[in-house]
Ligand SMILES: O=c1ccn([C@H]2C[C@H](O)[C@@H](COP(=O)(O)OP(=O)(O)OP(=O)(O)O)O2)c(=O)[nH]1
Ligand SMILES: [Mg+2]
């Protein structure tokens, strides 16, 4: 599938290996930024995309940054809607003990393109029976 993208830097998000699910996304910064421990920063990427209806882009953390430096995404997983035409930004948080510097072009997150379903609700007072029923939150043990 071919998807339109505008990129301020000319660099596009890219799969780093053949089997990568996510394309690494880079920071687009005039000056480096430093995120202090416990702080967050909305990092610009300089890209905007035009996804077809029925697709979303999921913005996920990079595990290397998480494990080495405690860097995560404030919103867990970011959702890029198919009708969003603005710049994609990454809400990053520093859970680690050291200040974390981000420079222009650093690979700060990854983007997975996924299909989704749109549904219609059938409002009801009865749901189908299952073995699990309303058991959850560890009811099978840990
Ligand atoms: O990590 C993210 C998450 C969202 N967005 C952009 C694209 C997305 O389509 C839009 C709205 O995101 P979301 O629906 O998660 O935020 P909201 O708080 O519900 O805002 P809105 O009322 O604009 O939908 O913001 C990003 O650039 N990065
Ligand atoms: Mg929303």
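Any Cβ shown, glycine's included, is placed from N, Cα and C.
A quick note: this is a predicted structure, and the numbers were derived from the prediction, not measured.
Per TrEMBL, the feature domain 'dUTPase-like' maps to 11-141.
Positions annotated as substrate binding site by TrEMBL: 62, 63, 64, 75, 79, 80, 81. Counting every protein chain shown, the Cβ of residue 62 (substrate binding site) has 18 other Cβ atoms within 10 Å.
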Neighbourhood of residue 75 (substrate binding site) by C-beta distance under 8 A, where only residues 6 or more apart in the same chain count: 91
What does DSSP give as the helix, strand and coil breakdown of the domain 'dUTPase-like' (11-141)? 7 helix, 48 strand, 76 coil
Can you tell which of the binding-site residues (63, 79) has the fewest other C-beta atoms within 10 angstroms of its C-beta? 63
